[in-house]
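Read the structure below first, then the notes.
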């Protein structure tokens, strides 16, 4: 089994490595890590720091996709989270007050959890197709975010809030720490408990899971809530980076990048088996692509074109027709197992 | 007829999947105007052979000759055009389209590219009339019963100018009169010179309708026989390729001793329990160590009773008691808390999670009962799984293999293992022996006897009356979604009396 | 998701069933029609000038391109697929049209090129979906990235269109009585009629429904599932190309940011129009009504005056919710 999993992650990993190595040609000191003011700097850290929001959204998305669902609303949730936090902070007497910022952050995440609950309710309890259930919030959520900001871009001047995206902890950028911590939490919760297996069971065969006594409703709701909270944290990072909230554009299209990251990581959109390691690789791959295009000096908008190429290549390489020549080797493996 | 040229010859057909040789040098000959049975255990390669024949799979070796010409089908469409029509066991029609469209789609009558709806309806009505079926052909297929849908599928196959008609277990969801009707149609087609390839698990049906048969075992050809020249016992021997001792053991075992059973407080008792539209209120008590058989035709409410007792559906009338105390199940997990287990009829859709491994599938119910936060320790998982893989002889004995790679019989055993590790007091088995090979069938029957001897109560549902009678202490008879009789399995009880009870509605 | 009540009683074939089923089938479309009348009634009662027929015609004028795109989307969704690329393909078409016209290509060449390009992108996605078994969501996502990316390769700025033919068409008003429509509306209505005919009266149309009902069965019934699936994405691409041409009339410019999020509007219109996202059930007429609902929401918010633009999104979300729940109730009862 492990050989198969390794096999599944082989192509994304190979692509990531070749992209990173390719960067060396354009930026010879690409892999250099510099310590400045006791903080780590370098292209690799930049990729991870800038990629943290996408990684978080993709992380939550992995759980939802494992249930056989999909969450299109994460982009809107990113916007709502940042909007509410900034709106709260801008109303503070002292925007630098750590307590006030923490309250704003908690409130934003609570609202996101509520939005996740709504999605989970529509999918798990009402039984609406996930793509449609979350389409509702995807469309309406942008409106809600603009409602919160009253259609304006809210600027804040709050050092504690700014630290979420640009601070350092033990010389490491804070977003990387937050992302790593959440990845670790999700990995532990899914694989050290039975959560992951039951999720895969529900995603693999919902009817059979019910008859095996699994309360899929709860699992599905938890997955959507986790996804929305992850998106909420990502939203805080996005708005903290620029110290402002833009209800219209924050997190635009991030849902698609996140789904892409999950799929690149080898998790099927049909649900069932999922791979968190794969998602991490997928998200970093996408962000590396962004960075690469930027360093080569191509207009950033054209990144989309490269993403399309990556998707097509990965899909084709993983397509059965292409894989046929590799599977010849498989019978031997099966026989050995 | 036997000395005419065969219409279809498959010679030396080989087909391999990654890690598995599904077919190895299989031959098949079909003559015009014959009904030819394709026999074999599950996993013998019958469905693979049919899929090769109908163009759904491509074979790796061998060749196919149809009407004297060598053919190679790129897909079902080509096979159909060449005159090979197929009716599959699982109804392959579109429930969202009208009956008429389902009969004719792919060859709808058109004029200048415009579909002639009225002509289409008329033709569909004519075709269905040939099967003595009179329904509104404009209605959606999905609104009709499975049996009607099956007939529609056959009508569809008949419309093609078929030289070869493949019927892949068409009778598994039909009742006796519908089977008769189907056989009448088959005989008619036979007289028209069509070659019919017939796949079924019911031996009696083979001997009733088939002229010749081809027997497969483990992907290889055992032989081609005339039905008249092969006894049922020899056929079974050819199919399973080993001595029949295993089966005969059970066959000759004395009837279950009803007298030996001590009936105290029932483990589970239903009192006028019912669900509107599914099953009329019924009363039934199941005691410790007792096997209660449910007999009745398909659709008579057997599965509905099972689902009510397991909490899969909610009862809207009556009361259910477990160990004498009234309970209200809010879902399968409530039933599981009272240690009731349920192996559903349809393994693939309701039972197994094919993505998961054998180990995960076995552990699933136990884990579900504990909740996700309290995982079964891995050491204990491995120990439990190893024990049951060994006890039930699940093959291949690799718990980390995806369960989809197992054969039907082994999948059924995985499902049984899932529930056995939860140590249930009542085990509900819904058609546990359907569609699995004779050897596995005998093993499962023996297991039921062992479990009940060990004190477990079993509700045993099967379409085969012999099997029900052999295993049960008591037989509950169902008819038209109503429990009509409860018969103690004493010496006087035989299949005739059970059938009489079904037929008369309980006055046996 | 939760097909739990599969063990329903075999439905007895009675007259009651026969009469009842068709009504249920048309229920979602009927509900949309009722909703439209209701919204229209509210508009007429509350706002002066709302009852002017020109208001309704303006909805068609302002949404002709969306209607064309949504019709293409209907084909895809009927097969159980989805096409996320439509907005991007529309934008790319406006871009290519603007670029070619700027370079002095004659309109008679530009038009077919635009349509051909849309179809080709659709064809490519369809081939990927069918032959390489890529999920529609992902394949059309790639198409979306590709098309938007190409827009920016052409230019990151807006390109104005001043070709005389284009200007004439975009300014043309077809008057009848006291009202007028644009040429785009005529084109859109023609597309609707053709699509409705194809779906109801051609073998291809019925294949689309069959594939959406159960692709596995459709294949075993000998239908060319692959060809049908590739064809619907090609049609959707063609409709996006045509929608892009209509948008270039409407906007008189080509721009990579045109039609952003249009895929969502198109999907919303199709769903509100009563087409099941699982495929196999729905009508082009429903899609027309769905587009009308979206247009009416905007119109009412404009008339209301004191509502900010974001309420449009919230209302669309709300209507989506209502319709989806309604569909859920209907399909549950049908089973």
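Think of each number as a place in line: the chain as shown, counted from 1.
Every residue, even glycine, has its Cβ placed from backbone N, Cα and C.
As recorded in TrEMBL, the features of this protein are as follows:
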{"type": "TRANSMEM", "residues": "A:9-27", "note": "transmembrane segment"}
{"type": "TRANSMEM", "residues": "A:47-65", "note": "transmembrane segment"}
{"type": "TRANSMEM", "residues": "A:72-90", "note": "transmembrane segment"}
{"type": "TRANSMEM", "residues": "A:96-118", "note": "transmembrane segment"}
{"type": "TRANSMEM", "residues": "A:130-148", "note": "transmembrane segment"}
{"type": "TRANSMEM", "residues": "A:168-189", "note": "transmembrane segment"}
{"type": "TRANSMEM", "residues": "A:219-238", "note": "transmembrane segment"}
{"type": "TRANSMEM", "residues": "A:250-270", "note": "transmembrane segment"}
{"type": "TRANSMEM", "residues": "A:277-298", "note": "transmembrane segment"}
{"type": "TRANSMEM", "residues": "A:304-322", "note": "transmembrane segment"}
Between the transmembrane segment (A:250-270) and the stretches A:47-65, A:72-90, A:96-118, A:219-238, A:277-298, work out which stretch tops the count of Cβ pairs under 8 Å.
A:47-65
Mind pulling out the one from A:72-90, A:96-118, A:130-148 with the most Cβ pairs under 8 angstroms to the transmembrane segment (A:47-65)?
A:72-90
Count, for each of A:72-90, A:130-148, A:277-298, the Cβ pairs lying under 8 Å from the transmembrane segment (A:96-118), and report the range with the highest count.
A:72-90
Segment proximity, the transmembrane segment (A:277-298) to the transmembrane segment (A:130-148), 3 or more C-beta pairs under 8 Å:
no
